[in-house]
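Here's what TrEMBL has on this protein:
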ACT_SITE  Asp105  active site, charge relay system
ACT_SITE  His136  active site, charge relay system
ACT_SITE  Ser291  active site, charge relay system
DOMAIN    22-63  domain 'Inhibitor I9'
DOMAIN    96-331  domain 'Peptidase S8/S53'
REGION    231-250  region 'Disordered'
Amino acid sequence: VKFKDDIARIATDETVSALTSKAEFVYEHAFHGFAGSLTKEELKMLREHPGVDFIEKDAVMRISGITEQSGAPWGLGRISHRQKGSTTYRYDDSAGEGTCVYIIDTGIEASHPDFGGRATFLKSFISGQNSDGHGHGTHCAGTIGSKSYGVAKKAKLYGVKVLDNQGSGSYSGIISGMDYVAQDSKTRGCPKGAIASMSLGGGYSASVNQGAAALVNSGVFLAVAAGNDNRDAQNTSPASEPSACTVGATDSNDNRSSFSNYGKVVDIFAPGTGVLSTWIGGSTNTISGTSMATPHIAGLAAYLSAIQGKTSPAALCKLIQDTATKNVLKGVPSGTVN
């Protein structure tokens, strides 16, 4: 209970002494107030008291340590250091805890040991296919949150299959997947926020972009791939949707990846060439693409949300931009973020 700054000390003392239970803590310096257990009647009385500023329920904070993973994939080393070349991943041990990340892709091999039981194959929009028979979705999920290869090692991972086992899917199915996530995210225990990762794309589609915008408007942070055509991403969907956080790719030497799309719709670059992560069959694989860059940013969104608390998708994308290392990438055309 915090009293208003201008209330007389004698009035606060009288209020505290009238309580059934003794105050556990009394605050006299930073502000005037107290902490204690209240009956319903006392809570009502204090809420109506003219000298009370506000009342908050007590909660718990925990220590926040920094953990180092040695021998990490180069992408994890890169996103946690200002200089290239590190193979140590330094991260806060909150590690995305309290967040839910949806991988809208080919599915996820939830039984992969590196997910540690935090992964769920949630829904398939591909008729007759209810597993990741490709590997792409499992690889992306691993970069987001696996034990060995993930950015946010304590996040919950949910696979939504909108791409078939050959890696393709209809716009209508992809839109259905986004719509499903917008609804499902409201039913999950994600106190620190919900994030979605979409490592897919095609030609410009107003309906796909609107589906992406609706997902973002529902409060879900959405990271999307810029595309792998070495061209301006403005004619690619969902990369061209302004409310999504659009991700280009880099290599380990801080070059824009030769395949990565660019342009004013790109919000951020992340490691995308030669990325090691989980694969189907309980194995690993090293592959390249803006598909691999995108889950670095989705994982980073989960990581930051666990530390900072739930915020708007736009604010989270801006936070990622603000904390990024500026003007170190080579081969980035003018008019594209660096």
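Each Cβ is built from the backbone N, Cα and C atoms, and glycine gets one as well.
Long-range contacts of the region 'Disordered' (231-250) within its own chain (CB-CB distance under 8 A, at least 6 residues past either end) are made by residues 78, 198, 201-205, 208-209, 211-213, 216-217, 221-225, 256-257, 259-273, 288-290, 292-294, 296-297, 301, 313-314, 316-317, 320, 329, 336. Across the residues of the domain 'Peptidase S8/S53' (96-331), the predicted structure has a mean pLDDT of 94. DSSP assignment over the region 'Disordered' (231-250) gives 3 helix, 9 strand, 8 coil. The C-beta environment of Asp105 (active site, charge relay system), restricted to residues of the same chain at least 6 apart in sequence and closer than 8 Å, consists of Asp132, His136, Gly137, Cys140, Ala141, Gly159, Val160, Lys161, Val162, Leu163, Ser197, Met198, Ser199, Leu200. For the recorded site, Ser291 (active site, charge relay system), the DSSP three-state label reads helix. According to its DSSP assignment, Asp105 (active site, charge relay system) is in a strand. Using a 10 Å Cβ-Cβ cutoff, Ser291 (active site, charge relay system) registers 28 neighbours.
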